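Listed in TrEMBL:
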COMPBIAS  306-315  compositional bias 'Acidic residues'
COMPBIAS  325-336  compositional bias 'Acidic residues'
REGION    304-380  region 'Disordered'
REPEAT    98-138  repeat 'WD'
REPEAT    139-180  repeat 'WD'
REPEAT    273-307  repeat 'WD'
Amino acid sequence: MPANLLVDTLSYKDMVFDFAFHPTLDIIATGLITGHINCVKYAPGAGNNETAWSIRPTKKSCRGLAFSNDGAGLFTVFKDGAIRALDVNTGDVLIKKSDAHDNPINTVRLLTETTLATGDDSGVIKLWDVRTGTEIMQYTEHDDFISDFDYDTDSKTLVASSGQGTISIYDIRKPKMLAMSANQDDELMSICIVKDRRKVVVGSQEGVLNIYSWGDWGDCTDRFIGHPNSIDTICKIDEDTVATGSSDGIIRIIDILPNKFQGIVGEHEDFPIERIKLSHDKTFLASCSHDDTVRFWDVRHLTSEREDEDDDSDDAKDASGDKDSSDDDNDDDEDEKPGNNGGGTMDVDSDDSDAPKKSNNRRPKKQAPAASNPGFFDDL
């Protein structure tokens, strides 16, 4: 690719635990092991990245962050169990909710415009009303760290993966868990809803992608092997394709049902990948790793190929008339075909600023009030 179409790598002196893309603008926020949070305006071309601000609200590591829906604020979570809300324009800490969790918060996700989900190292999941800062739900079924979340807007369903080897399912309108899977005897590190909410893909410490059928949560219905190391992060490219980030430093593209390895997007040499995410315009896939960088990978070819396939399919339908009902049956059967057959131990987290750097060992994983929500956490 021509150099003028590439985005420069973001390099830091310390490890990046998580990052988030702005929902509408070419802005990325990064959270570091030292507690630093950085906001960068990125642009293709050498030397075009611009740091908007950098702050260090605490010496405890920033475990996760995500933008509010309108992009005016940023939610950040930390090892000390606190949630902080930042102004995206200035980096000012607008609100700090101390002791939001009794244990280090490991992951965060904005579910709706007003609902934030957080999960900690002890397995506790909490839902927050961002308008008032009040806790509206708490789930305590897990006994090990919450590694990742995904959320389906239509059914208002939150799915969570955990270090105890199970996934859990919640209707966020209800106080009790809907279901929990059988224990896989393996730490589950990442989770992603695909196939128009028909499947859930879960990455494991042993490098197996476990595939669950929606509503059939007892055990996975398919497995895809091939990753030589743990699958620490998953990002959906489209409903049929995911990108996986592994502790071997490689970002792979995987088709789901039929399961197929498509290729490699990029790599961080031998450094484990912490997180991969897709930019708001689906132009770039970004990844952060133990090499203290955030790297950008152009993935327009992946989305354009899928769009071309969809266009060809639509043209075929127009030429041949309505699709026969038997085609739907065949598609469903293919989804249920058994795939490949495929436990591990996670090292203790050491993410204070004086922690040793560049370890190849994996740690437990991990949006800010909009200006229009001045009451966020105002109970403090």
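The backbone N, Cα and C atoms fix where each Cβ goes, and this holds for glycine too.
Across all of the repeat 'WD' (139-180), the predicted model scores a mean pLDDT of 97. For the repeat 'WD' (273-307), the DSSP counts in helix, strand and coil order read 8 helix, 18 strand, 9 coil.
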